[in-house]
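Everything below concerns the one structure shown next.
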Amino acid sequence: MKIVTWNINGIRTFKNGIKTTLDSFDADIICVQETKVTRDLLDEKTAVVDGYNSYFSFSRGRSGYSGVATYCKDSATPFLAEEGLTGLLANQGEAVGCYGDQVELSSEELLALDNEGRAVITQHHFIGTDGPQKLTVINVYCPRADPDKPERKQYKLQFYRLLQCRAETMLSSGSHVIVLGDVNTSHPPIDHCDPDDADNCEDNPGRKWLNHFLFGTAEKNTKDELKEISQKSASGGKFVDSFRHFHPKRSNAFTCWSTLTGARQTNYGTRIDYIFADRCLVKSAFICVDIMPEVEGSDHCPVWAQLSCTLQASPKFPPLCTRHMPEFTGRQQKLSRFFVKVSEKDRVFKDSEESLPGSQDTGGILENLNPVVQENSVAKKRPTCREKDTNAHKAKRSKQMKTESNAKGSLLAFFKPKQTPLIPSSGNLSLKPTESSQDSPDSESDTRSCPGNVQTETSLSMITEMETENQDEVEGESTSIDKSKDCKKGPCTGFWKAVLHGPPQPPLCETHNETCVLRTEKAGPNLGRQFFVCARPQGHPSNSQARCNFFAWVDKGK
Ligand code: ZN
């Protein structure tokens, strides 16, 4: 059995054909993070791939943000699949179970943790040396703590604790467990290009958590923390970082590089994408684990693990499978679906009392399909029957919370791409929602992947292109900042300023004597201020080919 994890930084990374990309891994389970797709924007060719079955979790708040998906080969179809870590998103009958003790968190906090589309759990079967075994695969996109948003630090730690609780409960129930994905913290210093980085110190709470979570690293914590761990007894030390198990000393084994600084070219990165597994499984079944830095298209690279066990396929797809999504069960139903909208559902679900945070997906689409699903379930008595009930229930619960997000519910989103001038007039009517999701900035990482087939371009043109893109970003951003500042003077003052005067002339950096690039402070007291830095990619300070430390503010007067 082969399993892969990859933060794809947007589903458009698959634009050359998702099946081709998935096939290229030759893996049974492929877990991707940061799909940046919400359900209303998920298209059929991404959701339903020949030879695979897939399971998505979507952000229910912001669009173009977060999101994870697990693709399983049909020969490795899971027996159960569940969205989220808390169980609050799971419909009855499809839950994997084993939630553990969540009392530490309020129900609001729990909901908030599952509301950003950060986890999908699948449960598989295989025959081990001791007979039939279960394997639970927890695909996660752990939050990144924005240093300027202290509440996100808390959120991140809560997510870690919830993840640990769920993983350990699964494990003690007798299932083997793999936790994999973008963990957003690098663990030992060897996993970071700049071990002295302030974010990366021993005090980093994410690292402390990893010390708890991983086997044999708890002693790295202080005595007080150790005491706390032993008081909580069961917690800590049950999982193994499988890559380090096989490559304990390998350095410069990074999986993530800043696109903003072009640091991939100098391999100035971090290892934050992991495949953790319970100790027993690593010892008994893991054959090899490695990173794939040669695979481009995202600011992260994939990581894979080969196991000796062979998964058994479930005879039917679990209810969460995208193949069961009404919008993908048959094209002929599509048109009618979008016309049943408002009137029907508003009448049916008028008096909802429970509240789940607003959801774009459960909003229009599921409800619209009730008539269709009903037909199916009457005719064939398929599992959709149960699905229908739970969907209706879910929709009912979410109804109340549908506020502004409802404004871009399924109907609008469905037609929106037609208005997008980006769509080539090739006569191909397939909508391309991912194109429009491109418009939404990724504020979580401030980075974007390089456009196009970077493999086919020289590294120099790659820099140029990247910097151009970054500059676009910078200019776009400064424009909007100026706009908000100058809104009383009239619209787009900043924009016209930029057009009339042009951007400031970039200076030459001192070390390389090369034209600098313009950037904008994205946080802190200098938010919005522009500055010039060396255009070269960031690298180790001793690397003369990497960025020098030239820095100059742009004068405000200009
Ligand atoms: Zn320079």
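Placed from the backbone N, Cα and C atoms, the Cβ positions cover glycine too.
What TrEMBL says about a protein is an automatic prediction, not a curated fact.
Around H300 (Mg(2+) binding site), the same-chain residues at least 6 positions away in sequence with a Cβ under 8 Å from its Cβ are W6, N7, I8, N9, D182, T255, C256, I272, D273. The Mg(2+) binding site annotation in TrEMBL covers N7, E34, D182, N184, D299, H300.
Every protein chain shown contributes to the tally, and the Cβ of Y141 (active site) ends up with 27 other Cβ atoms within 10 Å. Annotation comment: TrEMBL describes Y141 as active site.
What TrEMBL lists as active site, proton donor/acceptor is D182. Counted within 10 Å of its Cβ, the other Cβ atoms near D182 (Mg(2+) binding site) come to 29, all protein chains included.
Over all protein chains present, the Cβ of N184 (Mg(2+) binding site) has 23 other Cβ atoms lying within 10 Å. Under the heading site 'Transition state stabilizer', TrEMBL lists N184.
With a 10 A radius on its CB, D273 (site 'Important for catalytic activity') counts 24 other CB atoms from all the protein chains. Per TrEMBL, site 'Important for catalytic activity' is recorded for D273.
Secondary structure from DSSP puts H300 (Mg(2+) binding site) in a beta strand. The annotation active site, proton acceptor is assigned in TrEMBL to H300.
Positions annotated as site 'Interaction with DNA substrate' by TrEMBL: H300.
As annotated by TrEMBL, region 'Disordered' applies to 376-455.
Positions annotated as compositional bias 'Polar residues' by TrEMBL: 422-431.
Across the domain 'GRF-type' (509-557), the DSSP tally of helix, strand and coil residues reads 0 helix, 12 strand, 37 coil. What TrEMBL lists as domain 'GRF-type' is 509-557.
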Legend entry - Rounded inter-Cα distance in Å - D299 (Mg(2+) binding site), Y141 (active site): 14
Inset, instruction - Would you mind giving the whole-number mean pLDDT across the domain 'GRF-type' (509-557)? - result: 85
Legend entry - Inter-residue C-alpha distance, E34 (Mg(2+) binding site) and Y141 (active site) (nearest angstrom): 7
Inset, instruction - May I ask you to report the DSSP-based helix, strand or coil state of N184 (Mg(2+) binding site)? - result: coil
Inset, instruction - Could you tell me which three-state DSSP class E34 (Mg(2+) binding site) falls into? - result: coil
Inset, instruction - Rounded to the nearest Å, what's the C-alpha distance separating Y141 (active site) and N184 (Mg(2+) binding site)? Just drop the number here, would you? - result: 8
Legend entry - Winner by Cβ contact number (other Cβ atoms within 10 Å) across the binding-site residues E34, D299: E34
